[in-house]
Structures are given as C-alpha cells and as structure tokens.
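> Mind looking over this structure? Questions follow.
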C-alpha cells in the first residue's frame, strides 16, 4: 500500500502528458510499445521532482520551477525538438524561427510550458489529491529516490537513442550548454522558493478557478496553432495567459481561505483543457481513425473518473486550508 501513490504517478504522468493529449499514433501496438519508455522518462521525472520537493519541505511553486527544467531537458536534449527543424516533419520550429537563437521562441515556450504544467505538475497534484493523507510527506525512502533517478535516466537514454536513430540529430555542444544553464537556473529558483504564511483576503470560488485554468490553458494551446499573426504577438499572448493563470493561483492559494477543493478545481480545469485538446491533436496530426476516437474517449473517461474520485476523497479535508499550494 505504501508504494501505490508513486506507482500511480509513474503511470499518470505519461497518461496525461501524451495519451490524453492525443500525441500517440492511434495504433494499439504503438500505445503499448511507447508506454514503458514514457513511464520511465515522464513518470520518473515527475516522481523525482515530487520527492525532492517534499523532502525539502517545499510546495507546488518549487515543483513548477523544477518541472520547467524537466521540460527543457526533454525537449532540448533528449528529443531535441527545440533545435531540430525536421522533427516529425511537422515544421514545429518554422513559426517564429529565429536563426540567431537556433529555435522558435513560440514552439519552445509552448512545449516547455505544457510539459511543466500537464506532464509534471498536474499529475503530481492529482495523485496527492487522490491520497490526501500522504500529500505532504515523501513517498519513498532515500534508496527508493535513488532508484527513481536511475529510472529517469534510463527513460531519457532509451528515448534519446531512439530519437537519434530516427533523425540522426543531436543538439550541438553550445545548445546543450545553454539548456543546462537554463535548467540550473530553474533548480536554483526552485530551491529559493519557500512556502509563505497564509494571508487574509478573499479566495475565488472553486468554479472560478477551474474556469481560469480552462480558459488560460485552452488559449495557451490554441494561440500557437494559428500561425497567422506575427510570432511576437502570439508569444506575447501566450505569456499573458500563463502569467494571468499563475498570478491568480499564486495569490489566491496564499490566502487563509484556500482549501483542497480550490486546488482540485484548478487541476480539474487543466485536465479539462487536455480532454478537448486531445481530440484536436489526435485528429489534426494523425487523422481520423476509429481507434483514435475510441482511445481518446476512453482517456477522457479515465481522466474524468480520476478527478471525480479526487473530489470524493477531498471531501474529508475540504474545510481545512491546504498549504501544499501556497506561494513561496
């Protein structure tokens, strides 16, 4: 029973980050084949971030900072989508391509952003809500945490080698150095963030928080899809949406009236974003297929069921302030 929460997180991270988003090719063999390496990389990364944060006595802001670092490593080094213009043949870097940077700020901000929130932070928070009695404590002992490091590195190695075999591409030493410097900055920021004391003030209704997460999350995904307006405008809108959602959650969660229900509402809004976006990406990238449709419906059903279960389990602690989402 002690290992159930970490095992759930190992699976939930790739489930939300890839399957619910509709990224996986709609073939049963591909879904099954990709699960293990994604569990190792996504699940291992999420669990490592969660364990380090809780062992240090920190909260969700620290997790988010470390999650940004995770996104940079995955997309900059493991997969190389921040620099490989031929990745998947989808022209991911063409919109907003900046030769001086060797990347597209639009794609870089988008893909690192969605990994930070949906691949890492949302699964962590959801699992903690599913197991509220152990939400603030480490789930693993030191040897277990070391094992998670090995799991994460193994996942990165497997996906990295597979990616190199497919594209014969790897980021240049200078690009890797820049990515690692940014990751180091994320780690430092995460370590500097500390939970603060609850302040007086009004807390928005949980439904309002869910709406903010849904609207800002949906806008963040949709705006980078258009490719019509100048890239600088798109980038500005993306940052405005991200900062709006972040400010609302950070300020509200630092007030005394914040409860676990508010945390769950924000997570529900984020999950709902991927529920609809998964259909758009599944059909837009892979085309329509019966398996793709059925698969997305099943994923949405599982996600909705997990949110509902978390809501039910949170009923016991709904009246108690939740410091786990407090600002640093």
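Placement of Cβ uses the backbone N, Cα and C atoms for every residue, glycine included.
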> Looking at 14-31, 32-49, which one does TrEMBL call transmembrane segment?
32-49
> Other than its close neighbours in sequence, what residues sit by the transmembrane segment (290-311), given a CB gap under 8 Å and a spacing of at least six beyond its ends?
12, 15-16, 19-20, 22, 26-28, 31, 126, 129-130, 261, 264, 267-268, 271, 274-275, 278-279, 282-283
> With CB pairs under 8 Å as the measure, which of the listed stretches 61-83, 142-162, 174-193, 263-284 comes out on top against the transmembrane segment (107-130)?
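The stretch with the most contacts is 61-83.
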> Quick one: do the transmembrane segment (174-193) and the transmembrane segment (61-83) have at least 3 Cβ pairs under 8 Å, skipping pairs fewer than 6 apart in sequence?
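Counting Cβ pairs under 8 Å, at least 3, so yes.
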> Sort out the residues at least 6 away from either end of the transmembrane segment (32-49), same chain, that have Cβ-Cβ distances under 8 Å to it, and list them.
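Same-chain contacts beyond the ends: 6, 9-14, 17-18, 24, 63, 66-67, 70, 74, 78, 119-120, 123-124, 139-140, 145, 148-149, 151-156, 158-159, 162.
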